[in-house]
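Student: Encoded as structure tokens, here's the structure I'll be asking about.
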Amino acid sequence: MESKNLCGYENLDIDGTFISDIERQKTLPSVIVIGGGISGIAAARALQNSAFKVILLESRNRLGGRVHTDYSFGCPVDMGASWKVHFLSTLQLHGVCNENSLAPLIRYLGLRLYRTSGDNSILYDHDLDCCALFDVDGLQVPQQLVVEVGETFKRILKETENVRNERNEDMSIHQAMSIVLERHPNLRQEGLAYEVLQWYICRMEAWFAADADAISLKNWDQELVLSGGHGLMVQGYHPLIRALSKDLDIRLNCRVKRIVRRCNQVLLTVEGGEIFVADAVIITVPLGVLKANSIRFEPELPEWKRSAISDIGVGNENKIALRFNTVFWPNVEFLGVVAPTSHACGYFLNLHKASGHPVLVFMAAGTLAGDMEKLSDDEAAHFAMLHLKKMFADAADPVQYLVSRWGSDPDSLGCYSCDLVGKPEGLYERYRAPVENLFFAGEAASVDHSGSVHGAYSAGVFAAEACGRYLSTLHGSADLLQIACREETAEAMVPLQISRM
């Protein structure tokens, strides 16, 4: 079988003995990046800016991965990352400040951000004063009650720290909250206040893309959150993907099925049988794809790497975007329905507030996100409208709708990583660690900012730097390594364009 060899080799037989006695041609070290999400694109860009030959293989027919801006509404709608740098169905820009690794590029491209929260919001990515909650009868919950229950929720979460400190074993945040409420009856809520508390839990589950009974008490609050609050990418993330991927050697519709390491080379077989060969590979496919063993490794990955892949959780969150002819809802950023259980609560992002387009986006996380994927698009849109009509009985029907299915999409199999109950420490470090000339990136390879766009981007640059050092040492050319992923942005230190209406 003929191979596509970045190093100049031809007619290698992937099932035979690797031709190790051919003199290496005098050429640039070669790297294949698997995965065309923002992490893979960042890695490829960083290496191409240095002295490496790079090909990026992407299984989809588009770039971006779990960052996907749809334009079928006549306006940008991010069906994956959008607002909060928590990777998937709600990916906003977290940390609207220069600490965010994407800030220089966003600034350079002149992209607009719409600030949705300041620091330390109880809603994570939105402020309470920009939110309107309704009960199932369509009556708006008094804002004072929303604030008071929010303060109680903060106290409950604070008390879970004591539960954690008292125990060696891990438990779910749901179980810890139950223990807190048993110890402190004054924190229990009843009636409408109880339903509001369930809505706060619903929002917490959305942040982690997992049900509260699956979220680790030990790790739930260990994320390093950047300062500056959160901001919505008004024009979507596509302009960022387009700019980063410019002039890269990209092969779409190339789903890698097999990776063979042999004699300091890596051979990759894609669906359909085409073969690529390189000195090193950077793997940025979603964690869910690796968990499903969609790629066969030869030799098998070591046990410490396989256990990291197995033990890191993958959450699920989906969006149902609804476009209307007219705006019939209040001018707030967030609309929510309270209910007796977190699973029955619901919430919508109001894109009209940020972009001027009559679009609402319903979001579902955890078990609800998985249940939603079992519905047809029509049924999913109807489900979202049932929630909307609880708030607004006379709500108009949408003229268009979009539905995401990140959990069942074979190219993602989940939205972003999360910490499950009872798993060991150091998982993200082990996931990020290379295996000889195989390097790993993606949001799950970000130790401090997993589940975020900026974390995925930084992990891609980190992997490129590690790969570059490895190849520079191997080739005895230390001057090869001149990683410059942000060189285009260095001269454009203008302020970020941040607004709030």
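Using N, Cα and C of the backbone, Cβ positions are placed for all residues, glycine too.
Quick paste of what TrEMBL says about this protein:
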type	residues	note
DOMAIN	38-466	domain 'Amine oxidase'
BINDING	Ser39, Val256	FAD binding site
BINDING	Phe362	substrate binding site
Student: Identify which of the binding-site residues Ser39, Val256, Phe362 has its Cβ surrounded by the largest number of other Cβ atoms within 10 Å, counting every protein chain shown.
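Tutor: Of Ser39, Val256, Phe362, the one with the most crowded Cβ is Ser39.
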Student: Sorry to bug you, but what's the C-alpha spacing from the residue listed as 'substrate binding site' to Val256 (FAD binding site), rounded to the closest Å?
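Tutor: So the alpha carbons of Val256 (FAD binding site) and the residue listed as 'substrate binding site' sit roughly 33 Å from each other.
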Student: Compute the C-alpha separation of Ser39 (FAD binding site) from the residue listed as 'substrate binding site', stating it in Å without decimals.
Tutor: 27
